[in-house]
Amino acid sequence: MDSTELNRVFQMFDKDGDGKITTKELNESFKNLGIIIPEDELTQIIQKIDVNGDGCVDIEEFGELYKTIMVEDEDEVGEEDMKEAFNVFDRNGDGFITVDELKAVLSSLGLKQGKTLEECRKMIMQVDVDGDGRVNYMEFRQMMKKGRFFSSLS
């Protein structure tokens, strides 16, 4: 992931745009994704990432976290984590991410990208290997391993 993509992902979490991700912002972002994490666990996550000790995560700390995750993913992708991420997008549980489901998740995250069905259709087309107009788990997994999801948000 290049610095532009990293900034884009960081901004998804940095809701107020002050250059720092707080526990509250992290909590809100996860809730928007349908992931509930107790506040004490979120605090622990931030403490592990927070190198400068200010209680927040800045872009450099976020970048280091991302590098760590990507190195671990290259060695051994956590299948459970990958399925959990897929299920966030596959809202009806049918095993496919549709244009409508992608739009709903991106909207819930408050992203500028994917506001129209046409934008979401283009994003799906970028990773839809079998051409059925939806993303199955294997296509999603390949996309995530290659880091293509965040580049498709450009």
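Glycine too: its Cβ is placed from the backbone N, Cα and C atoms.
According to Swiss-Prot, the protein carries these features:
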type    : residues                               : note
BINDING : Asp14, Asp16, Asp18, Lys20, Glu25      : Ca(2+) 1 binding site
DOMAIN  : 37-72                                  : domain 'EF-hand 2'
BINDING : Asp50, Asn52, Asp54, Cys56, Glu61      : Ca(2+) 2 binding site
DOMAIN  : 77-112                                 : domain 'EF-hand 3'
BINDING : Asp90, Asn92, Asp94, Glu101            : Ca(2+) 3 binding site
DOMAIN  : 115-150                                : domain 'EF-hand 4'
BINDING : Asp128, Asp130, Asp132, Arg134, Glu139 : Ca(2+) 4 binding site
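Listed in chain order, the residues near the Ca(2+) 1 site other than Asp14, Asp16, Asp18, Lys20, Glu25 are Phe13, Lys15, Gly17, Gly19, Ile21, Thr22, Cys56, each with its Cβ within 8 Å of the site Cβ centroid.
DSSP places the residues of the domain 'EF-hand 4' (115-150) in helix, strand and coil in these numbers: 24 helix, 2 strand, 10 coil. Glu25 (Ca(2+) 1 binding site) sits 15 Å from Asp50 (Ca(2+) 2 binding site), taking the C-alpha atoms as the reference points.
Predicted-model confidence for the domain 'EF-hand 3' (77-112) is 85, expressed as mean pLDDT. In the three-state DSSP scheme, Glu101 (Ca(2+) 3 binding site) is classed as helix. Under 8 Å, Cβ to Cβ, and six or more positions away along its own chain, Glu61 (Ca(2+) 2 binding site) finds Ile49, Asp50, Val51, Asn52. Here the binding-site residues are Asp90, Asp94, Glu101; the one with the fewest Cβ atoms within 10 Å of its Cβ is Asp94. Ranked by Cα separation from Glu101 (Ca(2+) 3 binding site), the binding-site residues Asp18, Asp130, Asp132 are led by Asp132. Here Asp14 (Ca(2+) 1 binding site) is compared against the binding-site residues Cys56, Asp90, Asp94, Asp128, Asp130, and the shortest C-alpha distance is to Cys56.
Other residues of the chain with a Cβ within 8 Å of the Cβ centroid of Asp128, Asp130, Asp132, Arg134, Glu139, the Ca(2+) 4 site, are Phe96, Ile124, Val127, Val129, Gly131, Gly133, Val135, Asn136.
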